[in-house]
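Written out below as structure tokens is the structure these notes cover.
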Amino acid sequence: MYGANSCFCSLKRIFNYYFAFFRPVCPAQALLPSVPTSSNPFSMQFTNTQKRSAAWCSIAVVATLAIWLLAPVLTPFVIAAVLAYALTPLVNWLVESCKGYLPRVLAVLFVELLLIIAVLGLLLLVVPIVAKELPLMREQLPQVVDRLKTSVLPWLAQFGIELSLDTASIKAFALKYLNANYEEALSQLMSSLKLGSSVALAIIGNAVLVPVALFYLLMDWDAFIARLVRVVPPSMRHAFDEMTDEADMVLGQYLRGQLLVMLIMAIFYAVGLSLFGLDLALPIGVFTGLAMFIPYVGFGIGLLLAILAGLLQFASLKALVMVAVVYGIGQLVESLYLTPRLVGERIGLHPLAVIFALLAFGQVFGFVGVLIALPASAVLLVAMRRIMLRYMSSKLYKE
């Protein structure tokens, strides 16, 4: 009996030592006197910093999941929030400039009216392009196809590039789809709207909801931001204010510089194409400049439109030479001078990073992701800068 009791006590001491060794203990607790602890070997102790980090990570995960699930509903509100962020300084400037003689509600209505006029003006740029290009495509497309087959394809064959061009199918396409008049196209559009009534209602609803949401956000933007700041714990508000101010500065510098680049390039392309005698120089040039908000993608779309318009109007290599000269010079000026000087790589939002952010957020959150891509990128950029500063000042980096 004595031997069995001795063996049992030895096993008990071994198990107690095992669980005491593997139980995670904070380094500061090792210097404190031992206190009774739970007998559960799987119990873990977390520091306050770890608890706060876990709480913020949980909030971020829940917010991301909510945005992903509610993306279709959030679209008009996110559009209104982005517009309110961009237009609030203008509203504040109008109110302060009038020194109390202009109520804020009138300033908001005036800014919204200017925005609606600008959007309608941009949409009207598409009308002359469509109205001019459809008859030209109907008349010139068969000739352009024959010219490509007889001149361009043999020239490419000299360099070992073999391409096949089905001219009969292209001509059949032109005869089938481009000979329809505007009345038939309008009737087809109306029938498609009837078939997809939910889509049409969603578009109309968003078109109405965005100005309404924008009005209320512009009226109460400062109060809305103040309410959001009050949610942040008091101990973290100073760091939160510094981070949001820096992100606002980065995003503001990028947007102001990019808008100035877009304006300059729109004027350049419109004037350059008009000097070569292109009829659609103004709408194509302005569209190319405005589409450059999406780096490289907007330039590519404008380039294709200019090539198409030039080939349909001139039906010769003059169109290719014209587009190559204007868009080649424009791309060099924009890439080598305007963007580095006006946007500035010192901000840190490289064009490739902008493209990746737009594609990544768009893939995850849809159209809402495209809208929040740049603000989120600015916040992530500021966060990465702060993390790098802490890392480079830590012992891990210096050792």
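From the backbone N, Cα and C atoms, a Cβ is placed for every residue, glycine too.
Annotation source TrEMBL lists transmembrane segment at 53-71 (among others). Here the transmembrane segment (53-71) has Cβ contacts under 8 Å with residues 46, 364-369 of the same chain, all six or more residues outside its ends.
The transmembrane segment annotation in TrEMBL covers 77-95 (among others). Long-range neighbours of the transmembrane segment (77-95) within the same chain, counting only residues 6 or more positions beyond its ends whose Cβ lies under 8 Å from a Cβ of the stretch, are 102, 104, 107-108, 110-111, 115, 206, 209-211, 213-214, 217-218, 221-222, 255, 368, 371-372, 375.
Beyond the transmembrane segment (107-131), the same-chain residues lying 6 or more positions past its ends with a Cβ under 8 Å from any Cβ of the stretch are 83, 87, 90-91, 94-95, 98, 211, 214-215, 218-219, 280, 283-284, 286-287, 290, 305, 309. Annotated transmembrane segment per TrEMBL: 107-131 (among others), in sequence order.
Feature annotation from TrEMBL assigns transmembrane segment to 199-218 (among others).
Look at TrEMBL and you will find 259-278 (among others) tagged as transmembrane segment.
The feature transmembrane segment is assigned by TrEMBL to 284-312 (among others). Non-local neighbours of the transmembrane segment (284-312) in the same chain are 122, 125-126, 129, 132-133, 136-137, 140-141, 144, 258, 261-274, 276, 278, 318-320, 322-323, 326-327, 331, 334, 351-352, 354-355, 358; each lies 6+ residues outside the stretch with a CB under 8 Å from one of its CB atoms.
Residues 261, 264-265, 268-269, 272-273, 276, 278, 292, 299, 302-303, 306-307, 309-311, 313 of the same chain lie 6+ residues outside the transmembrane segment (319-338) yet bring a C-beta within less than 8 angstroms of a C-beta in it. The feature transmembrane segment is assigned by TrEMBL to 319-338 (among others).
Residues 67-68, 71-72, 74-75, 78-79, 82, 85, 243-244, 246-248, 250-251, 254-255, 294-297, 339 of the same chain lie 6+ residues outside the transmembrane segment (350-383) yet bring a C-beta within less than 8 angstroms of a C-beta in it. The annotation transmembrane segment is assigned in TrEMBL to 350-383 (among others).
Panel annotation: around the transmembrane segment (199-218), residues 72, 75-77, 79-81, 83-84, 87-88, 91, 108-109, 111-112, 115-116, 193, 224 of the same chain, lying at least six beyond its termini, place a Cβ under 8 Å from a Cβ of the stretch. Sequence-remote contacts of a segment are chain residues at least 6 beyond its ends whose Cβ falls under 8 Å from one of its Cβ atoms, and for the transmembrane segment (259-278) they are 284-286, 288-290, 292-293, 302, 306, 309-310, 313, 318, 322, 325-327, 329-330, 333-334, 338-339, 342-343.
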